[in-house]
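Worksheet: one structure, shown below.
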């Protein structure tokens, strides 16, 4: 059982356990020891977003890594996917990202990439933890002549800009497009405007003045209303909003309407199917994706495979099946032909390429998917029992599933952080599925708790 690492590395409030400098140093020491392999010099890349606490955590990690005889390459503020890309392109042994993604500035996190740019498997994280808590690490220190050095890599932003531009079709550019871009005062504040401008777009950039405390503060992908208003005000062709570490992206069309991750996947998957570029004709999404996505992809001759929630599970499924496109409704998109992890700017470029190739507006492209009506009811529970072991609940769910068949679905799952059961239904008739969701919620409430409908 892991104590430190969650689904996306180690997370917490800065300067509070486990996000303290003491623990960051221990994580650095343990990781450096585990990534060492043979007698040669080893190197670990470290990058971060724009949080105030990034400085202290970075210095602690650097000290820990160097103390175990491994060199550090510091790239400064850079999108999470940029750190993955530079780790593999510079042939480092691992990459470290200091970020809490879309969380407020008070939070921070530490996550690792392996030398090939993929997130670490659970067993590697477990080995790092075991070494930290074993108390053995002090006996593994190298002698004074073997400690590591730290180097600053000054051209990391430029390297990543060049890489991103290389993923955009050579026969296209962005001239004639006016784009509102919200960088969330985060890690992409230099990279994203440079990429779009160098490809010929007129860019109205907001959220590009980080001060250490304004990352994700009323800006970025969690606040699409901000770019929606800006698109209408500037009469732009579309809006693009990234989150703090730029691993996810949300769009708004020329009318200011949000275009979420499901629509982006539908646009890209159907376009790749037409070009015979979607491997195995398969898109990988999560159980949270709307069934309208399945319908759109199936109509275009493809299929959708669903995983548990979390981009790491999407990537695992893609690697296992040899697929090249996956993502989440929240805006994490993985184009494995180009990069190894969710990449907001890269995803934006792929959508812009479809727009330019077909000379269509984003609102027209988004019509490829019609979302099914969706209803979500939360039930407060006293215990997280498998609801299918409650006969009357299981019976009702079975009856409803028989009625919706292929034209809807029921998704029932517990919240990972609260004592809530989430009952989600999709179907063609909003009135009907609302009634069914309430029926399920009432039976659950009767058996295992008190209700909070939302």
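From the backbone N, Cα and C atoms, a Cβ is placed for every residue, glycine too.
Listed by Swiss-Prot as binding Mg(2+) are 243, 245, 247; the candidate from 89, 101, 114, 363 that the record includes in that site is 101.
Sequence-distant neighbours of residue 243 (Mg(2+) binding site) (same chain, six or more apart, CB under 8 Å from its CB) are 101, 102, 184, 186, 216, 220, 221, 222, 331, 344, listed in sequence order. Same-chain neighbours of the Mg(2+) site beyond 101, 243, 245, 247, judged by a C-beta within 8 angstroms of the site's C-beta center, are, in sequence order, 49, 79, 80, 99, 102, 186, 187, 242, 244, 246, 248, 342, 344.
Residue density at residue 247 (Mg(2+) binding site): 32 other Cβ atoms are found within 10 A of its Cβ, drawing on all protein chains shown. Residue environment of residue 101 (Mg(2+) binding site) contains 27 other Cβ atoms, counted within 10 Å of its Cβ in all protein chains. According to DSSP, residue 243 (Mg(2+) binding site) is assigned to coil rather than to any helix or strand.
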